[in-house]
Amino acid sequence: MRLVTPGDSAPASVNKYLLPHETQVITVRRHPAVLMVPVALVLGGLILAGVLSNTVTAAITWVWWGWLALLGWFVWRVAEWSVDYFVITNQRMLLTTGLITRKVAMMPLAKVTDMSFKRTIAGRMLGYGEFILESAGQDQALTNVDFLPYPEQLYLEVCEMIFPNKNPAPEEPLPPPPPPRRPPREPVEAEDVPTATGPDDPA
């Protein structure tokens with residue numbers, strides 16, 4: 001799982017589906033929790049094969065061959081998970097899936113009218129969620145994406161791209177500059193100030 005910013009390198013399996021004028025914003029793998037069921041089946045099959053090998057000795061070879069087939073299916077699912085990506089560009093959302101038969105589901109950002117995400121109890125514990133997309137008009141190929149990592153962070157970033165703030169709050173005006181300080185007045189010396197004389201004063 002990783003976030004890819006426009007300056008970072010992304011997998012070639014993703015780049016070949018992008019248009020020349022598109023800018024890649026986010027690229028993530030699905031959460032490893034998508035492999036919970038295959039892991040549980042492999043471990044359960046291993047326990048069952050161990051129990052049967054001690055009780056049914058006649059078919060012990062077939063029991064372990066069956067478990068090896070289950071293990072091969074698990075390896076296949078891990079390989080598929082390693083090449084599946086959820087991609088967000090400045091124009092579209094894409095989900096690439098499949099190892100041999102490659103499938104790309106796409107939703108233009110301009111057609112998304114609403115988006116929500118939900119998290120089950122397991123999702124809150126393990127850290128994954130599901131995106132639910134709604135669009136106006138005909139049905140789209142991409143309507144929901146499950147097992148996404150960083151669900152809150154992705155949700156906020158995608159909502160910011162789909163519903164940008166077109167009317168930002170006006171900036172507060174700067175306070176006026178303080179008035180210029182007046183230079184201090186020079187004191188007047190007493191000897192320079194003429195004094196008035198009366199008629200009775202001696203000349």
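In case you wondered, yes, glycine gets a Cβ from its N, Cα and C as well.
Annotation source TrEMBL lists transmembrane segment at 33-52, 58-76. According to TrEMBL, the feature domain 'YdbS-like PH' maps to 86-152. If you look up TrEMBL, you'll see 166-203 marked as region 'Disordered'. Under the heading compositional bias 'Pro residues', TrEMBL lists 170-181.
Secondary structure by DSSP for the domain 'YdbS-like PH' (86-152): 11 helix, 37 strand, 19 coil. On the 0 to 100 pLDDT scale, the domain 'YdbS-like PH' (86-152) averages 88 in this prediction.
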